[in-house]
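Asker: Structure provided below as structure tokens; questions to follow.
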Amino acid sequence: MRNTTKLVVHVVDAQYLMPRDGQGSASPFVEVDFLNQLSKTRTVPKSLNPVWNQKLYFDYDQSVINQHNQHIEVSVYHERRPIPGRSFLGRVKISLCNIVYKDDQVYQRFTLEKKWLLSSVKGEIGLKFYISSSEEDQTFPLPSKPYTSPTQASASGTEEDTADSETEDSLKSFASAEEEDLADSVSECVEGKKSEEVKEPVQKLHRQEVFARPAPMQSIRLRSRENPHEAQKPMSRGANQLHPQNPNHLQSYGDTDLDDFKVKDMNLDLGERWPNPNAGERFTGTYDLVEQMFYLYVRVVKAKELPPGSITGGCDPYVEVKLGNYKGRTKIFDRKTTIPEWNQVFAFTKERIQSSVLEVFVKDKETLGRDDILGKVVFDLNEIPTRVPPNSPLAPQWYRLEDWRGEGKVVRGEIMLAVWMGTQADEAFPEAWHADSASVHGEGVFNIRSKVYVSPKLWYLRVNVIEAQDMIPSDRNRLPDVFVKASVGMQTLKTSICSIKTTNPLWKEDLVFVVAEPFEEQLVISVEDRVHTSKDEVIGKITLPMNVFEKRLDHRPVHSRWFNLDKYGTGVLEPDARRKEHKFSSRIHLRICLEGGYHVMDESTMYISDTRPTARQLWKQPVGMLEIGILGANGLVPMKLKDGRGSTNAYCVAKYGQKWVRTRTILDTLSPRWNEQYTWEVYDPCTVITLGVFDNSHLGSAQSGTADSRDARIGKVRIRLSTLEAHKIYTHSFPLLVLQPHGLKKTGDLQISVRFTTLSLANIIYNYGHPLLPKMHYLFPFTVNQVDGLRYQAMNIVSTRLGRAEPPLRKEVVEYMLDVDSHLWSMRRSKANFFRIMSLLSGYFLVGKWLEDVCNWRYPVTSVLVNVLFFILVMYPELILPTMFLYMFFIGLWNFRSRPRHPPHMDMKLSWAEAVGPDELDEEFDTFPTSRSQELVRLRYDRLRSVAGRIQTVVGDIAAQGERIQSLLSWRDPRATSLFILFCLAASVVLYAMPFKAIALASGLYYLRHPKFRSKLPSLPSNFFKRLPSSTDSLL
């Protein structure tokens, strides 16, 4: 069977190549090597900036390709003439993990690299590469000759395209009927000096026949299930408050065991209980980080030949599975169905099995009276087989129905069932109906299942507003004050008002938005006139769809475009009869693109879990695998009342990168056991995984709350991957802490197991020497205000999209996991940060105190040794740096014994949560803007003024010291400056005449002199410095 999937390498152009022909030029061609398949372009004679615009095709079979270990090698050569031969000009290696489909292709420029150490290489090459399986791209002529030499290969037949269809289509998608001429002119300008496109067949070195059809590339997309016209609701900037009904708050920690707030080692042997066929390979089994839990699975497939009901004569069949006191029912079919198919799975935990037999009843739903029993099937639990993956699924079988009275009489009808004993690793586990959730009905059944979510793919939309023409206001007697307003969904940004009142304003300002795939919103551009401080008049408006904007991966310039403005705001792609009424229209000049070289941050940089740019073409290879086993929780606090007692319906959410996971909800227990394991690819070890525990309030019952109820937060755990040792399993119990308006509260413990497996140590070391974020964040950074605003909008989009999944990951959960309120003011956080700085500086303070003790000869032996060491270092200064680094090396080895054994956790002392006052907590949980009384706000403002006054004094003292240094040579104090410059002259003569070692030795011995030779008065330099003037005298 012939493989129809092709890898297309579109060689566009090159720039600034190295001359090779001895006349300051070169005749370059490109050769591409992909898995021993060679193909080359034509030769462009006498050009250092050649343009090929040629496509090369290669067979692509994903079933035999390892994307992480194989590359495409693109080499540039100079063709020597008249003597056949070639000279190397540079090459580029492209990893297969960066390959995308044709719809996502983007033009990229690569810097040419050397092949050998002494090679002389410079220049760049422009390429597009993608995978295509369409018939249009497969129609190319077959080669008539095998690959021989560059001269012969360049003479092979090619097929020419009429135009660059991508650029043409993207431009014409903007243009309306009146703008076709403009689109054509812009298309010609974009093509520039590009030659006609050439499609070149593959010249194979080794021919292979592939009989297996290649598997398609896997991509995960979050599909929209919501009405696209529904408006997004912005996030509330206020802090979320949690008020459980039975709070046991920790007001004082004097009598509390502080060990309850520390990480505890569980010491569980998790991997030994699971069958592991790949024990000798690099990766272990799929479920080797959790405890094994056995379940009795019953799969009800379908039934046939069912008898009619005894009352109505018809049949509305359904199946009831009974095991002890647990009962589960399938959906009901109507009478029109002769062979009902349910295909439902029921799961009963082995720990709660209370019977030795399993009964499966087939019943007929009756409108009046009891349901009629058509028959049953009975299974002895001792005879049920056990099945654990990777064993194949158990095939269902047909069973004859027996009389439900137990007489052994066979009745009419058969039912197809599969019954087996399995574990949570079974494929049927996520979608099965669980016996412990029998009290959940309606939509609540879907809200308790475990699910995996994917964050939407976020882009930065950059709108560069350049200028506008013919801005005619409604009042022709005045010149307009013009500004531009751009909107995308709920995001709205404005440019400044043009500094000059004119009908042809100029701005050159950038407006940046956050948009998500699939693109649902449109960009609305309106030009408005500031008539009055409270009145703006729209001059023109235009609506543009997102999918027509150009995507760029670097800082290359994007082509700008003029757009006609419409008074009614009609888009350029939407013909409207009203547009024909106006023969004259204003115009605006815009440059719009989707930025793929940035990472769109939806979480704080301190807790970032993903640093990859938006464009998949720029992703690096993964450096490791992160495996998390969510075992369970212990000692959870009751979050609601049920039947007069406390109850908690807990589930756990984990977020790392773009992948979110949610465990199933365990009902009515304070010690839930999930035992679910998940895996993530790691692209940067300096990232953080976040796990949160919540109480489910959407179970479809009156006791569980209404649709407007919020899932209460129970606690959160963060783990930084760089703090974990590779290939080691960490099994710990982490305390869950929640800060509430009444104080800090421990809500339980989360038990998890973590393993970080490295794929390549060299790649991890490589990451430590490179920036955390993509290079565009440093070459063209956003301002601080832009970063905060864009992060807020990104969190809004992520919470909205995940809230539309089924079951939804609710807004309050996403906000808590992304720390939406981390930027709000808090006196507690300010104190915590201040003491963090003091703790950081405490080491320097200890060194200063130790040095003071040495100078005062408080410990004579130490002082003598320091003097001797100082003398040696002065006489042999080349030993200073080696001694310092060797000292740090031995300190690091010494500290290895006391290295941290546990991952970091939420520290209540570091967070300053153990001594915070109730008023400060109430202030932290206040909304933004405030919702407290005026008197309370006044008291807090006075307190903030007192704190700011102390900070103001410290900052003023620091500024005064710096100004005194500046005044040394400023002649603000003529006598002080005269003395200082005379001292500098004398010092220069002395330093020139005397050896440096003698001066350093004399200065050091003077500093370390005995207290007998010291005075308690300040030194002469200190007295002189404190007398210098500063700008404090000039302050009001």
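Any Cβ shown, glycine's included, is placed from N, Cα and C.
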Asker: According to Swiss-Prot, D364, E366 bind Ca(2+) 1; which one of D316, D403, D426, D436 is annotated to that same site?
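Answerer: Record source Swiss-Prot; matching candidate: D316.
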Asker: Test of understanding: give the count of other CB atoms lying within 10 angstroms of the CB of D372 (Ca(2+) 2 binding site).
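Answerer: Around D372 (Ca(2+) 2 binding site), other Cβ atoms within 10 Å: 20.
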Asker: Out of D364, E366, which of the binding-site residues is least crowded by other Cβ atoms within 10 Å?
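Answerer: Counting other Cβ atoms within 10 Å of each of the binding-site residues D364, E366 gives the minimum at E366.
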Asker: Can you tell me the mean pLDDT for the domain 'C2 1' (1-110)?
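Answerer: On average, pLDDT over the domain 'C2 1' (1-110) sits at 88.
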Asker: In terms of DSSP three-state secondary structure, what is the assignment for D364 (Ca(2+) 2 binding site)?
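Answerer: Reduced to three states, the DSSP call for D364 (Ca(2+) 2 binding site) is strand.
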